[in-house]
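> Copied straight from TrEMBL:
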type     : residues : note
TRANSMEM : 6-27     : transmembrane segment
TRANSMEM : 34-54    : transmembrane segment
TRANSMEM : 60-79    : transmembrane segment
TRANSMEM : 91-112   : transmembrane segment
TRANSMEM : 132-155  : transmembrane segment
TRANSMEM : 186-205  : transmembrane segment
TRANSMEM : 217-245  : transmembrane segment
TRANSMEM : 252-273  : transmembrane segment
Amino acid sequence: MLNAITSGILVGGLFALVALSLSLTFLATRTGNFGTGELVSAGAGVAVLSAAVGPGWLRFLLALLVGGLLGALISRLLITPFHVNARDYRWLLSTLGLGMILIDLQTNGMGVEPLSLAVFKIDGFYRLGDLGLAYQALVILALAVLLSVGISCVLRWTALGRVIRASAEDPETALLMGISVKRLSMFVYAGASMIAVLAGLMYGAQTTVTPSLGPPLLVGAISVAVIGGINSIPGVLIGGLAYGLINQLGTYFFDAVVGSTAGLIAVVLVLMLKPEGILGTVPKEKV
């Protein structure tokens, strides 16, 4: 059982890392990229296909750069034109369409055979009594924690954070104050997309890279955001750990199907009892 608990925490770190990407864009723009799963796969795919470029660190930076550029383009072309007010949800369809395009491009460019990204893999285990914790999974969890703390600090205590929060709460007033909401959205989407690509690089190194690497992670990430609260960065981290624990404990006591179902039941219960999530808040509406 102890092994299931530690596995749940480590798996939860991966889901939390992807969910951070969704949470960041929602906090800043009240929108999200529903092609994030395919973006996770695309980042790992760029690293695989750029094997001839040079050493691993260069491929790592190239994948992050491509992810950031894609994020900025997503904001400019697929979010801003289709989100003219708080009740305009056309961006949902535009980002879902992006996901379909990305997975088709990856299938044609990489094929469907699993590809190795071992250059980014950290081999070995940390021994804790009878437990063996994979270094790669520990690094993913550490990244999720560090990014959660870092983003929370930026949003709470920096001028950039105040600008992001002001823009999200009242875009019209932010424009009157001289804040470029479109550029801010591009900046945030670039950062969020880089986080998604980072998750793809770390997870792809742990497993293998295929066009279907990321979409299942998006389902888990959305569940995590619902449980923890999509507008709370700490909530997303807590939601990731809770979702991972529920999933793994359900698998331990029963089987994988029950584990997955238990995670979805937790989502439904949270929606019924506290729709904004564990640490989430109800967004203020302009009257």
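Don't overthink the numbers, they just go from 1 along the chain as shown.
Each residue, glycine too, has its Cβ placed from N, Cα and C.
Values in this document were obtained by computation on a predicted structure and should not be read as measured data.
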> Excluding the flanking five residues on each side, which residues at least 6 beyond the ends of the transmembrane segment (91-112) place their CB within less than 8 Å of a CB in that stretch?
31-35, 37-39, 41-42, 45, 48-49, 74, 78-79, 82-83, 209-212, 215
> Six or more residues out from either end of the transmembrane segment (132-155), which same-chain residues have a Cβ under 8 Å from its Cβ atoms?
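Cβ under 8 Å, 6 or more out: 6, 9-14, 16-17, 20, 24, 27, 121-126, 161, 164-165, 195, 198-199, 202-203, 205-206, 233-234, 236-237, 240.
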> Please report, as numbers and ranges, the same-chain residues at least 6 past the borders of the transmembrane segment (217-245) whose CB is under 8 Å from any CB of it.
5, 7-24, 26-27, 32, 34, 36-37, 40, 144-145, 148, 151-152, 155, 199, 203, 263-264, 266-267, 270-271, 276-281, 283
> Counting only residues 6 or more past its boundaries, what in the same chain has a CB within less than 8 Å of a CB in the transmembrane segment (186-205)?
14, 17-18, 20-22, 24-25, 28-29, 33, 36, 39-44, 46-48, 60, 63-64, 66-72, 74-76, 79, 117-122, 136, 139-140, 143, 147, 164, 213-214, 217
